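Heads up: the structure comes next, in structure tokens.
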Amino acid sequence: MRQLDALKSPRFTQISTFGRLPICSQNEDIKAVFIGVPFDDATTYRPGARFGPMGIRQGSRLLRPYNQFLDTYPFDKLNACDIGDVNIIPGYIEDTMKIIETDIFNIVSKNIVPFIAGGDHSITLPILRALYKKYGKVNIIHLDSHYDFWDSYWGKKYTHGTWLRRALEEGLLKVVIQAGIRASTFSKEDLFDKERLGIKSYTIRDLKYNMQNVIKEINSLEGPTYISIDIDVVDPAFAPGTGTPEVGGLTSFEIIEMVRQLRIGQMIGFDIVEVSPPYDVSEITSMLAANIIYEGMSVLSLFL
Ligand SMILES: [Mn+2]
């Protein structure tokens, strides 16, 4: 009996939310929410990112209220809460995209900044559609080991490797800065595509040898800016729990430090995608993703 009572108590719900935040209620003056998108049907290699949101919640339980490096209490300042997961439809990419777009628009239309846990990277396209409806064209900071601007996979337009091209075709984006790129590509032509598409692209070498230059360029952006982080920008030694791992990436310290140094006046949303707990070891990928979100929330809280 005692155990059943515990299941109903608020304390139980709090330990299963991101950072032990409260579940969102409508009466609060909320500045930021955590939301999960447990969808991985657009994955091309290892699946499992559908378990990302719960993995990241699990990995977030050691987060504490005060961030000493940025001198802020992000959860308190943002009045942050966990709004739960989007009700996705397994196996139906385009139907699910409509649901994601609706849910994210409901959040951003109230001037709340969503911190979104994927899910595979295809979820970023409907998020950008929702942001466009609210803000018009937005800037995007895209940290990834892959370009993600391929035209199609197996002749199909909606996958986790094509969302960026779709977003550009749909006219959703202003400035696109991507960084951390290092995966082998299908042909040399791919390299010309980034210029043709107007993407400012930095490789992992640019980040490893000159991270400060990249950060400076990002921090000089003006206008509404979205941040999308594929956990595979991090080396698989630090983030093995992901769908398409690429060796030779950032350390966990480097990605945390990079996010920590961002100063984006109008951060309108933030996602971390491709965390696949079934491939994780000792929750290190989930814990890293949770800490990246924490740093992102901390940066946002500096502007309030
Ligand atoms: Mn990737």
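The backbone N, Cα and C atoms fix where each Cβ goes, and this holds for glycine too.
What TrEMBL says about this protein:
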BINDING   H121, D144, H146, D148, D230  Mn(2+) 1 binding site
BINDING   D232  Mn(2+) 2 binding site
Completion exercise
D232 (Mn(2+) 2 binding site) -> DSSP, reduced to three states, gives helix
Practice task
Report the residues of the chain - excluding H121, D144, H146, D148, D230 - with C-beta within 8 Å of the mean position of the site's C-beta atoms, for the recorded Mn(2+) 1 site, in sequence order.
Solution key: H142, S145, Y147, H160, G161, L164, S228, D232, V233, V273, E274
Exercise for the section: Drop a 10 Å sphere on every Cβ of the binding-site residues D148, D232 and tell me which sphere holds the fewest other Cβ atoms. Expected result: D148
Exercise for the section: For H121 (Mn(2+) 1 binding site), name the DSSP secondary structure in the helix/strand/coil scheme. Expected result: helix
Problem - Protein Cβ atoms within 10 Å of D230 (Mn(2+) 1 binding site), excluding its own - result: 29
